[in-house]
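Novice: Got a structure for you, questions after.
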Amino acid sequence: MKLSFSLGKPKQTPAAPPSLKRPAAFALGDDEAIDAAPTSAAADRNAPANKKLLAQNVGTSKAMKKRIEAEKQVDMTVYEYDEVWDRMQEAKLRQKEAKERDALERKARQGAPGDTDY
């Protein structure tokens, strides 16, 4: 016995079965089409948005410059990443050399002839 319920929606005819062929990974779809040479109409539509973005970028860069200047007044070396890194590496190298010299001195003292503990 077949039992079915309906809530008043009309029956839809089945659509065409989906294609079994997979789309290419980098294929451009209709919505992703790239316009190599925009027309003047497209340029006119984007003009207000471009001006807005440009103004926003200029405002951001001015704010960024103010922030950088304020940070430099607190510490002049705040953006000297490479110099700080070089100083850190030099300090590590000096520590390593000092440890090697110390190890050689200890080794020389331990194996010195005439040093006997009787």
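Cβ atoms here come from the backbone N, Cα and C positions, even for glycine.
I grabbed these lines from TrEMBL:
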{"type": "REGION", "residues": "1-22", "note": "region 'Disordered'"}
{"type": "DOMAIN", "residues": "65-109", "note": "domain 'Nuclear speckle splicing regulatory protein 1 N-terminal'"}
{"type": "REGION", "residues": "94-118", "note": "region 'Disordered'"}
{"type": "COMPBIAS", "residues": "94-108", "note": "compositional bias 'Basic and acidic residues'"}
Novice: Summarise the compositional bias 'Basic and acidic residues' (94-108) as counts of helix, strand and coil residues per DSSP.
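Specialist: Split by secondary structure, the compositional bias 'Basic and acidic residues' (94-108) comes out as 15 helix, 0 strand, 0 coil.
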Novice: Please spell out the DSSP helix, strand and coil residue counts for the domain 'Nuclear speckle splicing regulatory protein 1 N-terminal' (65-109).
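Specialist: Its residues fall into 39 helix, 0 strand, 6 coil.
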Novice: The domain 'Nuclear speckle splicing regulatory protein 1 N-terminal' (65-109): mean pLDDT?
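Specialist: On average, pLDDT over the domain 'Nuclear speckle splicing regulatory protein 1 N-terminal' (65-109) sits at 90.
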